[in-house]
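A.B. asks: This structure is in C-alpha cells; I'll ask about it shortly.
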Amino acid sequence: MSLSERLHPGINLAGTDPEGHEAAEEVLFGFWIFLMSDLVLFAVLFATYAAMSVQGIAEGPGPAQVFDLTAAFLETLLLLLSSFAFGFALLAMKYRENRRSVLAWLLATGILGIAFVGMELHDYYVMVTAHAATPQTSGFLSAYYLLTGTHALHVSSGLVWMAIMAIQIAVFGFDKRVKLRLMRLALFWHMLDVVWIGIFTFVYLFGVTS
Amino acid sequence: MTSRQIVRLLAAAVPGVAWPGIACAGSFLEPAGPVAAAQISHLGVISALMLIVIVPMFVALPIVLLRYRRGGKGTYRPDWEFNWGLEILIWAVPVALVLALGTALWKHTLQNDPYRPLGPDPLVVEVVALDWKFLFLYPEQGVATLDLLALPQGRPVTLKLTSGTVMQSFIVPSLAGQIYAMGGMQTQLNLLADQSGDFTGRNTQYNGLGFATQSFTTRVMSPSAFEDWVDATKAQGTALDAAGYQSLLPASVVHTPVLYGSFEPGLFDQVIASFAPRMGHGAAAAPATSETPHHSMPMPETGQ
Amino acid sequence: MNWELIFGQLKWTSIVFSGAILNPSLSEFIASGAGAIAVLGAIAALILLTVKGWWVPLWRDWLTSVDHKKVGIMYIAIALVMFARAVIEAALIRAQQLSAYDSPGFLSADHFGQLFSTHGTIMIFFVAMPFITGLMNYVMPLQIGARDVSFPLLNAISLMLTLAGAILMMVSLVIGQFSTGGWTAYPPFTGIKFSPGEGVDYWIWAVSLGSIGSTLTGLNFAVTIYKKRCPGMTLFRMPLFCWTTLCTSILMIFAMAPLTAATIMLALDRYAGFHFFTNGDGGNMMNYANLFWLFGHPEVYILILPAFGVWSEIVATFSSKRIYGYTSLVYATMCIAVLSFAVWLHHFFTMGQSANVNAVFGIATMVIGVPTGVKVYDWLLTMVGGRIRFTTPMLFHINFLLTFILGGMTGVLLANPGIDFQVHNTLFLVAHFHNMIIPGVLFGMFAAVQFWFPKAFGFRLHEGLGRASFWCFAPGFLLAFFPLYWLGLMGATRRTYMWSDPTYLPWLALAMAGAVLILTGFALMVTQIVVSVRRRAQLAAPLGDPWDGRALEWSIPSPPPDWNFAVLPEVSSRDAFYEAKKAGTAYRSPAGYEDIEVPRNTATAPLIGLFACAWAFGLVWQIWWLVVVSFVLMWAVVIARSFARDTEETIPAATVKAAHEAFLAAVRATPGVTRDQEMTAANRGRAIPEGLEGGSGALSSDSAVGVSR
C-alpha cells in the first residue's frame, strides 16, 4: 500500500492526490484531538456521576427506582444502528460518489438519531411525571441529567450538522471540503456511540443492579 | 541543635531586619502543644534539607556570572552542551533529596494525622462553624459556648467539626493545624495543649463580609480550673435549644463569647442531618479510637 | 410594561455610579472611579479611533485578521490592558490592609472581596493566559518554520472568545458587582443561597469563555507542532520554547475540560436549582474542589512551561552559547507536564482525607521538584562557557533563577501536609504562588517582550528604561511578597480586609512599599514602549537579527511578511539559524519561489466574539431574549462560514521574490555588528556571531554576498 492509501483507508479523498491526503491528515488529526478533549469532558461528567449516584441520592429516588432498562436498550440499538447507517453513507461516498445514496443513508442516520433523542426526552418525561425525579430532586439526579443531557445535546448538534452537510452535498457535491467534513461528522457520531455505550453500562446496567 | 532553633537561625539569617511578632498568640511559631511543635520542627527539618539545592545556586550563580560575563576570564566554549558527570549530579542530588524529604513527609504525615487521637480518654468537643462564629458543644459536660473554646491543659482533645453554613476552615495555630468544616459532613481534629493561656483560633476560609473578624479565644486552663469553669457555666448560662440554634444561623459577628449551661442533646448530629438526612447516624456512636475511619459518617474520602 | 422581559435583572441601580450617589463613601467613590476609568478609557479609545481614522485599518488589518502574528500581538495587548487593571487592584488591596489595623480601613468589606476576586481571576485568566497564548502564537510558528498555525480561523476565534471574557470582566466594573468568592469560587459560598446576584455569574461566564478559548488554542498549537514543522525540523531539533508550547498545549487540551465542567455545574446549581455543590439534597462541594484543582494545578504548569521555554531561549542567546542539556530539559518538561495531573489534591490537604492519601499527594508534589530543579541547574550550566551579556531579559533571568528556587523551597514546604495544615489559606500561601508566578511567568513574559519586540515591530526597545523597570520590578517583588511569607507564618490569613494584630504592621508597610515599586516598574515599562516608539528610527532593526539569535525566527525580516518564510526553510540541526550563520550559509537566495496560499481575512471570528460576549452578558443579567438571539446568531455565523468557498488568497511568487530579494539585498548591504554594538544605533539587525568577529571569512560582511547563489 502506498503512503497515501495508508493514510485514510476509510475514505477515498482522491487516490491520485497525495497532497490532498497530507492536507486532510492535519484536519483529521486536529479533529481527533478535539474529540479527545470532548472525551475528557465526558470523563469528568462520568466521574461526577459515579460519586453522586452513590453519595448524592439524599431523599430522592435511587437509580434502580427510576431507570427503565428496556427504553435504554432500545435507545442503544437506535444509536448503534444510526452509526451503522452512517458507515454506509461513507462507503457510498467513497465508492460511488452518488449523491442520492449518500443522502439516503444520511437520512436514515438522521431519523434514527432523532428517534434516539425523542426516546430520551420521553425517558425524562416519564422520570419527571411518574417518579418526580427532576434534576432539582437530588445530586444524583442532577448528575444523571447533566451526563445524559450533555450526550443528548451532542447528538442533537450532530443532527443539525448532518442537516447542514446534506445541504452542502446538494449544493457543492463531493468536493474535498465536504468529504472531509462528512468524515469528521462520522468520527463525531461514532464517538457519541462509544460514550453512549459507557452511559448504558455504567448508568443504566449498573444502576438497575445496584 | 533542635529544628526549632534551626528555624530561628533561618529567620535571623535574613539581614537587616528585626523580627517582631515571633511571640504572638496566633501562630505556630510559638507552639503550645505537641502537634504545633511537631509542625514547626518539621518545617525546620524540611527547610534545612532544602538548603542542599538552594545554597549551590546562590554560591555558583555569582561565580558563573563573574567568570563568564562578556569580558570575563572564563573560556568561551559556545558548543559545549553536555557532560555526563554533571548530568548525573543534577538529577541524582534532587532525587536523593526527594527520597529524604519524602520519607520525612511520610513519617510526619502519618504520625501527625489530625484524625489520630493523642491519648486515651480525649475530651470531645463538637464544633459547628456558622457565619461568622463558631459554636462549641461539650457533650460530656453538657455545656456549650459561642466563640470560646475552653480546654483543660494536658488532656487530649478530639474536635468533631461540621458546618451549619458554607465551608469553613478551623484552626488554632498555637495548638494544631487547620481542617475544613463542611455542611452535612464531619471532620476531625485532635490536639493537646500543654500550656495554659489564651490562644487565638479562627476561620481561614473566606465566607463573606464578617470573615475578617471570625476569630475566637481558645482558653487553656488547668484541669481543676476547667472543672470549675464547667460548673460555673452550667450554673449561670442559658440553655441552647433547637430554636436557639436556629436563631444563630443568620450571619452575625459575635463580640463577646456566649456561654450556655446546657444544650439540646444530639444537636451536632441534627446539624449534620439537616443537610444529609440519610447519613446523620452511626458516626455519633462511633468511638473516637484510632480505628475510627476518616469521614466516618458522611462522604467518601476525597481524591481516592 | 414588563421591563424584566427586556432588561432582565438589570436595573439603573446596577450601574456602579449609583452607589456613589445613593451611598457616598470612599469605597464607593473608588469603585465609581474605577468604573469611570473603564468608561472614559473606552470612550477615549473610540474618539482616538475616529479622529485618527483608524476604524478601517483596525477592522481590516487586525480584528478580521487570522494571521498568527497579529493574533499573538492582540492577545498580548489584552494581557497588558488587563494587567494594568489587576495590578492597580493589587496595590489597592495592599493599601487597604495597611490602613486597616484595628479599623475598617478605606474600603468596604464587600468591595475588598470583589477586589481580591477580580485580581485573581484577571491575573490568571486574562493576563497570564493571554500573555502566554499570545507569545506562543507569535513565536512558535516562526520557530518551527511554518507559515501559520494549523487552523488560523480557529486561532482567531480563540482570541475573540478570550477578548469577550475580558470585556465581560471590564463590564463588571461598571455594571453590577463582581463575585466575592475569590478566583477559585468555592461553593457553597458561591451558590445562589449565599451569593445571590450577578457577581458569581460574571465569574462563571468570563472564565468559561476564556476556558473554551484556551481549549481550542491548545488543540490548535498541538496540531501545528505535530504537523507543520518545516522539513528537517524533527521534534528534537525544535527550540525549547516549542517543546514547552507543545507540553502546555497538551495540558490545555486535558485540563480545561474539568474547569468547563465545574463552571457549568455551578451555573446549573445557580440558575436551575441543581444540586451539584449545594449544602444538602445530595450536593457536595468536595467534588467542586476536585474538579477545580484538576484544572487548577495543571493550569499553573500551563502558565510556567512557556515561561521556561522563554528562559531557555534567553539564556542561550545572551550567553551566546548552546543550551546545556537540551535533552534533559525536554524530558524534564515532559515529566512536569505529566506529573502536574497527579498532585491536585495538595490544594486541599485540609479536607479531611486520610493521612495516606495526603502523604501520597505530598510526595508526588515533591517529585515535581526534581525535574524543576534539573531545569534550573541546566540554565545555570548553560551560562558556563558562555559570554554573558547583562541585557534586560538576562537580568530578569538571573532574578528568576534566584527567586524561583526560593519559591520552590516554600513549595516543598507546602507539599508537606503537616506544614500545609498551618499555612494553608494564609499569606504564606499567597506569597508562595506569587513567588512562582511573578518572577517565573510574569517576568518571563516581560523578558519575552523585550526579547521578541524587535522581531514583531522592527525596532528594539529602549534598553536603559528596560533596565530601570527591571530594577523596580525585581526588588519590588521581593519587598511585596517576602514579608507575606513571614506574616503567613505568624498566622495572617489571606483575603482579610482588616487586622487586629499590631505586629503585622511593619510587614504590611514593607509589602506596600513593594507594591509601589512594582507599580513604578510597570509605569517605566509603559514609558519604555512609548519612548521606543518615538525613537523607532534610531532603534530600528529591520534586518531581523538584533540579538545574534539562534532559532529560525531571527532569519527573516522584522516585522516578518504575512507569509513568514519566502521559502520554507530546511534545517539539519538545532539552533538552525545560528549554525547557518556560523557556516556562512545564512541569507542565501533560494533556488526559486512559489505562489503562497494564505487564508483571507474574515469577519467570522470577531462576530462570534461579539455574540459570545452578548450571550454571556445576557446570561449574567438573565436577559433571556438576548441569550437566545446572540446564541442563534453565533451559530449562524459558524454555519454561514461553512458555506464560504473562497477563503484563501494567493500571493504570487513574484511578489514574494521581490520582497525577499530586497530583504536579502539590504542584509548584504549592511555591515554586521558585534555584540559590543548591540545596544547602539548601528545594530540594524545584522549580527556577527559572537566569537567570530574578526575570524573566519565566511562570516564577515563582504563574504555574505559570496554565499548567495
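Including glycine, each Cβ sits where the backbone N, Cα and C put it.
Predicted, not measured: the structure shown is a model, and the values here were computed from it.
Copying in the features that TrEMBL gives for the protein in this structure:
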type     : residues  : note
COMPBIAS : C:698-709 : compositional bias 'Low complexity'
DOMAIN   : C:62-572  : domain 'Cytochrome oxidase subunit I profile'
REGION   : C:685-709 : region 'Disordered'
TRANSMEM : C:29-51   : transmembrane segment
TRANSMEM : C:72-95   : transmembrane segment
TRANSMEM : C:151-175 : transmembrane segment
TRANSMEM : C:202-226 : transmembrane segment
TRANSMEM : C:238-268 : transmembrane segment
TRANSMEM : C:288-311 : transmembrane segment
TRANSMEM : C:323-345 : transmembrane segment
TRANSMEM : C:357-374 : transmembrane segment
TRANSMEM : C:395-415 : transmembrane segment
TRANSMEM : C:427-453 : transmembrane segment
TRANSMEM : C:507-531 : transmembrane segment
TRANSMEM : C:623-644 : transmembrane segment
A.B. asks: Average the per-residue pLDDT over the domain 'Cytochrome oxidase subunit I profile' (C:62-572) and send me the rounded value.
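C.D. replies: Here the predicted model's pLDDT, averaged over the domain 'Cytochrome oxidase subunit I profile' (C:62-572), is 95.
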A.B. asks: Of the listed stretches (C:29-51, C:72-95, C:427-453), which one yields the highest count of Cβ-Cβ distances below 8 Å with the transmembrane segment (C:395-415)?
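C.D. replies: If we count Cβ pairs closer than 8 Å to the transmembrane segment (C:395-415), C:427-453 scores highest.
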A.B. asks: I'd like to know if the transmembrane segment (C:238-268) touches the transmembrane segment (C:323-345) in this structure, counting it as a touch only when three or more C-beta pairs sit under 8 Å and are separated by 6 or more positions.
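C.D. replies: These two stretches do touch.
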A.B. asks: Counting only pairs at least 6 apart in sequence, do the transmembrane segment (C:72-95) and the transmembrane segment (C:507-531) share 3+ Cβ pairs under 8 Å?
C.D. replies: yes
A.B. asks: Taking the transmembrane segment (C:288-311) as the reference, which of C:29-51, C:151-175, C:357-374, C:427-453 gives the largest number of Cβ pairs under 8 angstroms?
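C.D. replies: Most contacts with the transmembrane segment (C:288-311): C:427-453.
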A.B. asks: At a C-beta cut-off of under 8 Å, are there same-chain residues at least 6 beyond the transmembrane segment (C:202-226) that contact it? List them, or none.
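C.D. replies: Counting only partners 6 or more residues beyond its ends, the transmembrane segment (C:202-226) has Cβ contacts under 8 Å with 117, 121, 125-126, 129, 133, 136, 140-141, 144, 146, 149-151, 154-155, 157-162, 164-166, 168-169, 172, 176, 178-179, 181, 185, 190, 238, 242, 245-246, 248-253, 256-257, 259-260, 263-264, 266-267, 270, 295, 302, 612-613, 616, 619-620.
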